[in-house]
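Taken from TrEMBL, the feature signal peptide applies to 1-21. Summarising the annotation, TrEMBL assigns domain 'Partial AB-hydrolase lipase' to 35-95. For 170, the entry in TrEMBL reads active site, nucleophile. Here TrEMBL flags 340, 373 as active site, charge relay system.
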(Lines of atoms letter the chains of each structure in order from A and count residues from 1; the text may use other names and numbers.)
(Lines give C-alpha, C1' and ligand atoms only; values in the text may rest on other atoms or scores of the structure.)
Protein backbone atom coordinates (compact mmCIF):
# COMPACT_ATOMS: atom_id res chain seq x y z
CA UNK A 1 0.00 0.00 0.00
CA UNK A 2 1.39 3.43 -0.92
CA UNK A 3 2.56 5.66 1.93
CA UNK A 4 1.45 9.24 2.28
CA UNK A 5 4.24 11.83 2.36
CA UNK A 6 5.34 12.76 5.83
CA UNK A 7 4.47 16.04 7.55
CA UNK A 8 8.09 17.15 7.15
CA UNK A 9 7.89 16.56 3.40
CA UNK A 10 4.72 18.62 3.16
CA UNK A 11 6.34 21.37 5.22
CA UNK A 12 9.25 21.44 2.77
CA UNK A 13 6.76 21.78 -0.07
CA UNK A 14 5.07 24.68 1.68
CA UNK A 15 8.37 26.48 2.30
CA UNK A 16 9.59 26.01 -1.25
CA UNK A 17 6.33 27.50 -2.47
CA UNK A 18 7.53 30.93 -1.35
CA UNK A 19 10.52 30.99 -3.69
CA UNK A 20 8.45 29.62 -6.61
CA UNK A 21 5.88 32.39 -6.19
CA UNK A 22 8.58 35.05 -5.80
CA UNK A 23 9.96 34.23 -9.25
CA UNK A 24 6.60 34.97 -10.89
CA UNK A 25 5.84 38.05 -8.81
CA UNK A 26 8.85 39.82 -10.28
CA UNK A 27 7.94 39.23 -13.91
CA UNK A 28 5.17 41.70 -14.66
CA UNK A 29 6.26 44.80 -12.82
CA UNK A 30 5.23 46.76 -15.93
CA UNK A 31 2.19 44.63 -16.75
CA UNK A 32 1.53 42.13 -19.53
CA UNK A 33 0.90 44.89 -22.05
CA UNK A 34 4.33 46.46 -21.68
CA UNK A 35 6.16 43.19 -21.14
CA UNK A 36 4.74 41.04 -23.94
CA UNK A 37 2.51 43.03 -26.30
CA UNK A 38 3.88 46.52 -26.89
CA UNK A 39 7.34 45.04 -27.38
CA UNK A 40 5.92 43.26 -30.46
CA UNK A 41 4.61 46.49 -31.98
CA UNK A 42 0.95 46.20 -30.92
CA UNK A 43 -1.25 48.67 -29.08
CA UNK A 44 -2.33 47.30 -25.71
CA UNK A 45 -4.53 48.49 -22.86
CA UNK A 46 -4.67 47.31 -19.24
CA UNK A 47 -8.19 47.03 -17.77
CA UNK A 48 -9.63 45.89 -14.45
CA UNK A 49 -13.00 44.41 -13.57
CA UNK A 50 -14.52 43.50 -10.20
CA UNK A 51 -16.50 40.29 -9.73
CA UNK A 52 -19.70 40.07 -7.70
CA UNK A 53 -17.74 38.35 -4.92
CA UNK A 54 -15.16 41.13 -4.74
CA UNK A 55 -12.16 39.91 -6.75
CA UNK A 56 -10.38 42.51 -8.90
CA UNK A 57 -9.26 40.93 -12.17
CA UNK A 58 -6.83 42.10 -14.83
CA UNK A 59 -7.84 42.17 -18.46
CA UNK A 60 -5.63 43.16 -21.40
CA UNK A 61 -6.99 44.50 -24.68
CA UNK A 62 -5.30 44.46 -28.08
CA UNK A 63 -7.69 46.65 -30.10
CA UNK A 64 -5.68 46.78 -33.33
CA UNK A 65 -3.38 44.66 -35.41
CA UNK A 66 0.00 45.83 -36.60
CA UNK A 67 -0.88 46.35 -40.24
CA UNK A 68 -3.67 48.24 -41.94
CA UNK A 69 -6.75 47.24 -39.95
CA UNK A 70 -6.86 50.13 -37.50
CA UNK A 71 -10.53 50.94 -37.88
CA UNK A 72 -12.18 51.94 -34.63
CA UNK A 73 -12.29 49.09 -32.13
CA UNK A 74 -16.08 49.25 -31.80
CA UNK A 75 -16.36 48.14 -35.43
CA UNK A 76 -14.40 44.94 -34.76
CA UNK A 77 -15.83 41.68 -33.39
CA UNK A 78 -14.56 41.17 -29.83
CA UNK A 79 -12.99 37.89 -28.79
CA UNK A 80 -12.22 36.90 -25.19
CA UNK A 81 -9.32 34.49 -24.54
CA UNK A 82 -9.21 32.51 -21.28
CA UNK A 83 -6.09 30.58 -20.25
CA UNK A 84 -5.77 27.26 -18.46
CA UNK A 85 -4.65 26.15 -15.01
CA UNK A 86 -1.39 27.66 -13.64
CA UNK A 87 -1.15 29.96 -16.67
CA UNK A 88 -2.28 33.53 -17.26
CA UNK A 89 -2.93 35.63 -20.36
CA UNK A 90 0.77 35.45 -21.24
CA UNK A 91 0.13 31.91 -22.53
CA UNK A 92 -1.48 33.39 -25.66
CA UNK A 93 1.50 35.69 -26.34
CA UNK A 94 4.64 33.55 -26.11
CA UNK A 95 5.09 32.48 -29.72
CA UNK A 96 6.14 34.93 -32.47
CA UNK A 97 3.29 37.18 -33.70
CA UNK A 98 2.62 35.06 -36.78
CA UNK A 99 2.20 31.97 -34.54
CA UNK A 100 0.53 33.28 -31.35
CA UNK A 101 -3.28 33.26 -31.38
CA UNK A 102 -3.80 36.64 -29.70
CA UNK A 103 -1.65 38.44 -32.27
CA UNK A 104 -3.11 36.48 -35.20
CA UNK A 105 -6.63 37.46 -34.14
CA UNK A 106 -5.64 41.12 -33.80
CA UNK A 107 -4.04 41.10 -37.25
CA UNK A 108 -7.18 39.48 -38.66
CA UNK A 109 -9.33 42.38 -37.46
CA UNK A 110 -10.60 41.17 -34.07
CA UNK A 111 -10.78 43.23 -30.89
CA UNK A 112 -8.80 40.91 -28.60
CA UNK A 113 -9.40 40.71 -24.84
CA UNK A 114 -7.14 38.60 -22.63
CA UNK A 115 -8.60 37.38 -19.34
CA UNK A 116 -6.59 36.55 -16.20
CA UNK A 117 -8.20 34.26 -13.61
CA UNK A 118 -8.23 35.26 -9.97
CA UNK A 119 -4.96 34.51 -8.16
CA UNK A 120 -2.70 35.14 -11.17
CA UNK A 121 -0.26 38.02 -11.19
CA UNK A 122 -2.64 40.45 -12.91
CA UNK A 123 -5.65 39.42 -10.81
CA UNK A 124 -4.61 39.36 -7.16
CA UNK A 125 -6.75 42.24 -5.94
CA UNK A 126 -9.85 42.10 -3.77
CA UNK A 127 -12.10 44.75 -2.31
CA UNK A 128 -11.37 43.63 1.26
CA UNK A 129 -9.08 40.57 1.35
CA UNK A 130 -5.33 40.18 0.96
CA UNK A 131 -3.70 37.20 -0.74
CA UNK A 132 -2.27 36.46 2.70
CA UNK A 133 -5.79 35.74 3.95
CA UNK A 134 -6.86 32.09 3.62
CA UNK A 135 -10.35 33.37 2.74
CA UNK A 136 -8.94 34.91 -0.44
CA UNK A 137 -8.17 31.39 -1.71
CA UNK A 138 -11.50 29.84 -0.73
CA UNK A 139 -12.65 29.04 -4.27
CA UNK A 140 -12.49 26.53 -7.09
CA UNK A 141 -13.37 26.62 -10.77
CA UNK A 142 -17.00 26.77 -9.64
CA UNK A 143 -16.39 30.42 -8.78
CA UNK A 144 -14.42 31.04 -11.98
CA UNK A 145 -17.52 29.93 -13.90
CA UNK A 146 -20.01 31.72 -11.66
CA UNK A 147 -18.18 35.03 -11.14
CA UNK A 148 -15.01 35.54 -13.21
CA UNK A 149 -16.38 34.66 -16.64
CA UNK A 150 -19.61 36.69 -16.30
CA UNK A 151 -17.57 39.67 -15.07
CA UNK A 152 -15.26 39.46 -18.10
CA UNK A 153 -18.10 39.03 -20.60
CA UNK A 154 -20.18 41.83 -19.10
CA UNK A 155 -17.23 44.20 -19.13
CA UNK A 156 -16.34 43.47 -22.75
CA UNK A 157 -20.00 43.76 -23.73
CA UNK A 158 -20.27 47.14 -21.98
CA UNK A 159 -17.08 48.38 -23.64
CA UNK A 160 -17.92 47.21 -27.16
CA UNK A 161 -21.70 46.91 -27.31
CA UNK A 162 -21.30 43.48 -28.91
CA UNK A 163 -21.46 39.81 -28.02
CA UNK A 164 -18.02 38.18 -27.80
CA UNK A 165 -16.46 35.18 -29.41
CA UNK A 166 -14.61 33.07 -26.82
CA UNK A 167 -11.52 30.89 -26.89
CA UNK A 168 -10.66 28.78 -23.86
CA UNK A 169 -7.79 26.40 -23.28
CA UNK A 170 -7.88 23.54 -20.78
CA UNK A 171 -9.54 24.82 -17.56
CA UNK A 172 -10.77 27.79 -19.60
CA UNK A 173 -13.03 25.34 -21.45
CA UNK A 174 -14.47 23.75 -18.31
CA UNK A 175 -15.56 27.09 -16.89
CA UNK A 176 -17.41 28.19 -20.02
CA UNK A 177 -19.05 24.77 -20.44
CA UNK A 178 -20.22 24.88 -16.83
CA UNK A 179 -21.57 28.41 -17.23
CA UNK A 180 -23.37 27.57 -20.47
CA UNK A 181 -24.87 24.43 -18.93
CA UNK A 182 -26.50 26.68 -16.35
CA UNK A 183 -27.81 29.01 -19.05
CA UNK A 184 -25.53 31.91 -18.11
CA UNK A 185 -23.56 33.97 -20.65
CA UNK A 186 -26.29 33.35 -23.24
CA UNK A 187 -26.86 37.06 -23.85
CA UNK A 188 -23.18 37.93 -24.14
CA UNK A 189 -21.47 35.04 -25.97
CA UNK A 190 -21.39 34.75 -29.75
CA UNK A 191 -19.51 31.46 -30.07
CA UNK A 192 -17.08 29.35 -28.02
CA UNK A 193 -13.90 27.61 -29.14
CA UNK A 194 -12.70 24.88 -26.76
CA UNK A 195 -9.03 23.94 -27.16
CA UNK A 196 -7.94 20.81 -25.28
CA UNK A 197 -11.37 20.69 -23.61
CA UNK A 198 -11.53 19.64 -19.98
CA UNK A 199 -14.92 18.42 -18.76
CA UNK A 200 -15.01 14.68 -18.11
CA UNK A 201 -11.76 13.70 -16.39
CA UNK A 202 -12.37 10.11 -15.38
CA UNK A 203 -10.13 8.68 -18.13
CA UNK A 204 -7.27 11.16 -17.80
CA UNK A 205 -4.16 9.28 -18.88
CA UNK A 206 -1.26 11.12 -17.27
CA UNK A 207 0.10 8.77 -14.63
CA UNK A 208 1.76 11.60 -12.74
CA UNK A 209 -1.60 13.27 -12.12
CA UNK A 210 -3.31 9.98 -11.37
CA UNK A 211 -0.77 9.08 -8.70
CA UNK A 212 -1.16 12.46 -7.02
CA UNK A 213 -4.94 12.15 -7.20
CA UNK A 214 -5.09 8.62 -5.84
CA UNK A 215 -2.85 9.58 -2.92
CA UNK A 216 -4.92 12.71 -2.12
CA UNK A 217 -1.90 15.04 -2.31
CA UNK A 218 -4.00 18.15 -2.98
CA UNK A 219 -6.21 17.37 0.01
CA UNK A 220 -3.20 16.86 2.25
CA UNK A 221 -1.63 20.16 1.20
CA UNK A 222 -4.93 21.95 1.73
CA UNK A 223 -5.38 20.41 5.18
CA UNK A 224 -1.79 21.33 5.98
CA UNK A 225 -2.69 24.98 5.42
CA UNK A 226 -1.30 25.60 1.93
CA UNK A 227 -4.15 27.57 0.35
CA UNK A 228 -2.24 29.16 -2.54
CA UNK A 229 -0.73 26.60 -4.85
CA UNK A 230 1.72 27.12 -7.76
CA UNK A 231 2.73 23.60 -8.81
CA UNK A 232 5.93 24.39 -10.71
CA UNK A 233 9.34 25.94 -10.13
CA UNK A 234 11.05 24.63 -6.99
CA UNK A 235 7.70 23.49 -5.61
CA UNK A 236 7.15 21.23 -8.60
CA UNK A 237 10.66 19.88 -8.22
CA UNK A 238 9.77 18.78 -4.70
CA UNK A 239 6.43 17.30 -5.73
CA UNK A 240 8.15 15.65 -8.67
CA UNK A 241 10.62 13.99 -6.30
CA UNK A 242 7.73 12.63 -4.26
CA UNK A 243 5.54 11.50 -7.15
CA UNK A 244 8.24 10.23 -9.49
CA UNK A 245 9.46 7.63 -7.00
CA UNK A 246 6.36 5.58 -7.77
CA UNK A 247 6.77 2.68 -10.23
CA UNK A 248 5.98 3.41 -13.85
CA UNK A 249 6.67 7.16 -13.67
CA UNK A 250 8.93 8.75 -16.31
CA UNK A 251 9.63 12.31 -15.25
CA UNK A 252 12.59 13.03 -17.52
CA UNK A 253 10.34 15.47 -19.41
CA UNK A 254 7.98 16.96 -16.86
CA UNK A 255 5.73 18.72 -19.40
CA UNK A 256 5.29 15.48 -21.36
CA UNK A 257 4.67 13.58 -18.13
CA UNK A 258 1.89 16.01 -17.22
CA UNK A 259 0.34 16.95 -20.57
CA UNK A 260 1.36 14.27 -23.07
CA UNK A 261 4.11 14.19 -25.73
CA UNK A 262 3.67 17.55 -27.43
CA UNK A 263 4.85 17.41 -31.02
CA UNK A 264 5.50 20.95 -32.06
CA UNK A 265 6.90 23.22 -29.34
CA UNK A 266 9.99 25.28 -30.09
CA UNK A 267 12.77 25.53 -27.47
CA UNK A 268 12.55 29.34 -27.47
CA UNK A 269 8.81 29.33 -26.79
CA UNK A 270 9.27 26.72 -24.08
CA UNK A 271 11.95 28.81 -22.40
CA UNK A 272 9.61 31.81 -22.41
CA UNK A 273 6.76 29.65 -21.14
CA UNK A 274 8.76 28.51 -18.13
CA UNK A 275 9.59 32.13 -17.34
CA UNK A 276 5.87 32.88 -16.99
CA UNK A 277 4.63 29.84 -15.14
CA UNK A 278 3.52 28.76 -12.59
CA UNK A 279 0.76 31.24 -11.92
CA UNK A 280 -1.01 30.78 -8.62
CA UNK A 281 -4.35 29.11 -8.14
CA UNK A 282 -6.20 27.89 -5.07
CA UNK A 283 -5.21 24.55 -3.61
CA UNK A 284 -8.95 24.02 -3.17
CA UNK A 285 -9.20 24.21 -6.96
CA UNK A 286 -6.81 21.26 -7.26
CA UNK A 287 -8.86 19.39 -4.66
CA UNK A 288 -11.95 19.93 -6.82
CA UNK A 289 -10.25 18.66 -9.96
CA UNK A 290 -8.94 15.65 -8.04
CA UNK A 291 -12.48 14.85 -6.95
CA UNK A 292 -13.59 14.91 -10.59
CA UNK A 293 -10.82 12.55 -11.65
CA UNK A 294 -11.67 10.05 -8.93
CA UNK A 295 -15.45 10.23 -9.40
CA UNK A 296 -15.60 10.63 -13.18
CA UNK A 297 -18.33 13.26 -12.76
CA UNK A 298 -18.68 16.95 -13.62
CA UNK A 299 -20.10 18.42 -10.46
CA UNK A 300 -19.57 21.19 -7.96
CA UNK A 301 -17.03 21.00 -5.15
CA UNK A 302 -17.77 18.16 -2.72
CA UNK A 303 -17.53 19.17 0.93
CA UNK A 304 -17.63 15.41 1.70
CA UNK A 305 -19.86 15.69 4.77
CA UNK A 306 -23.52 15.55 3.70
CA UNK A 307 -24.47 18.30 6.16
CA UNK A 308 -21.72 20.55 4.77
CA UNK A 309 -23.01 19.98 1.26
CA UNK A 310 -26.52 20.71 2.50
CA UNK A 311 -25.31 24.01 3.95
CA UNK A 312 -23.78 25.08 0.62
CA UNK A 313 -26.16 23.50 -1.90
CA UNK A 314 -29.36 22.68 -0.01
CA UNK A 315 -28.80 19.02 -0.89
CA UNK A 316 -26.61 16.25 0.46
CA UNK A 317 -24.51 15.80 -2.68
CA UNK A 318 -22.94 18.42 -4.96
CA UNK A 319 -25.06 19.54 -7.94
CA UNK A 320 -24.03 18.12 -11.31
CA UNK A 321 -23.22 20.24 -14.36
CA UNK A 322 -25.22 18.62 -17.16
CA UNK A 323 -23.44 19.33 -20.45
CA UNK A 324 -26.58 18.31 -22.35
CA UNK A 325 -28.23 21.46 -20.98
CA UNK A 326 -25.95 23.72 -23.02
CA UNK A 327 -28.20 25.64 -25.44
CA UNK A 328 -28.14 23.72 -28.69
CA UNK A 329 -27.78 26.82 -30.86
CA UNK A 330 -24.56 28.13 -29.27
CA UNK A 331 -21.79 27.64 -31.86
CA UNK A 332 -19.07 25.38 -30.44
CA UNK A 333 -15.63 24.53 -31.86
CA UNK A 334 -14.00 21.57 -30.09
CA UNK A 335 -10.28 21.20 -30.83
CA UNK A 336 -8.61 18.13 -29.33
CA UNK A 337 -5.49 16.03 -29.81
CA UNK A 338 -4.74 12.35 -30.00
CA UNK A 339 -1.74 12.53 -27.64
CA UNK A 340 -3.27 14.79 -24.98
CA UNK A 341 -2.83 13.21 -21.54
CA UNK A 342 -5.04 15.75 -19.72
CA UNK A 343 -7.84 16.11 -22.26
CA UNK A 344 -7.98 12.41 -23.05
CA UNK A 345 -9.55 11.33 -26.33
CA UNK A 346 -12.09 9.14 -24.52
CA UNK A 347 -13.08 11.94 -22.16
CA UNK A 348 -13.59 14.27 -25.15
CA UNK A 349 -15.71 11.57 -26.78
CA UNK A 350 -17.85 11.55 -23.63
CA UNK A 351 -18.25 15.33 -23.91
CA UNK A 352 -19.20 15.07 -27.58
CA UNK A 353 -21.70 12.39 -26.66
CA UNK A 354 -23.24 14.82 -24.17
CA UNK A 355 -23.58 17.24 -27.09
CA UNK A 356 -25.03 14.69 -29.52
CA UNK A 357 -28.28 16.65 -29.83
CA UNK A 358 -26.51 19.96 -30.43
CA UNK A 359 -27.48 21.69 -33.67
CA UNK A 360 -25.31 19.99 -36.30
CA UNK A 361 -24.39 23.23 -38.03
CA UNK A 362 -23.32 24.75 -34.70
CA UNK A 363 -20.84 22.09 -33.56
CA UNK A 364 -17.39 21.51 -35.08
CA UNK A 365 -15.13 18.74 -33.73
CA UNK A 366 -11.57 19.32 -34.91
CA UNK A 367 -9.24 16.40 -34.15
CA UNK A 368 -5.44 16.52 -34.59
CA UNK A 369 -3.94 13.06 -33.97
CA UNK A 370 -0.36 14.25 -33.31
CA UNK A 371 -1.25 17.08 -30.90
CA UNK A 372 -0.97 17.00 -27.11
CA UNK A 373 -2.19 19.51 -24.55
CA UNK A 374 0.22 22.42 -25.01
CA UNK A 375 0.47 22.20 -28.80
CA UNK A 376 -2.85 24.05 -29.04
CA UNK A 377 -1.39 27.27 -27.59
CA UNK A 378 2.36 26.88 -28.20
CA UNK A 379 2.64 24.70 -31.31
CA UNK A 380 4.77 26.26 -34.04
CA UNK A 381 2.30 24.97 -36.66
CA UNK A 382 -0.86 25.75 -34.66
CA UNK A 383 -1.83 28.51 -37.08
CA UNK A 384 -2.24 26.01 -39.90
CA UNK A 385 -3.50 23.14 -37.75
CA UNK A 386 -5.85 25.00 -35.39
CA UNK A 387 -6.16 28.76 -35.84
CA UNK A 388 -7.00 28.88 -39.54
CA UNK A 389 -9.93 26.44 -39.04
CA UNK A 390 -10.90 28.42 -35.93
CA UNK A 391 -10.96 31.69 -37.90
CA UNK A 392 -13.13 30.03 -40.53
CA UNK A 393 -15.49 28.92 -37.74
CA UNK A 394 -15.67 32.48 -36.36
CA UNK A 395 -16.35 33.73 -39.87
CA UNK A 396 -19.48 31.60 -40.07
CA UNK A 397 -20.83 32.78 -36.71
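Just so you know, glycine gets a Cβ as well, placed from its N, Cα and C.
Where TrEMBL records a feature, it is marked here on the structure.
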| residue | record | Cβ neighbours (10 Å) |
| --- | --- | --- |
| 170 | active site, nucleophile | 26 |
| 340 | active site, charge relay system | 29 |
| 373 | active site, charge relay system | 28 |
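Cα to Cα, the residue listed as 'active site, nucleophile' and residue 373 (active site, charge relay system) are separated by 8 Å.
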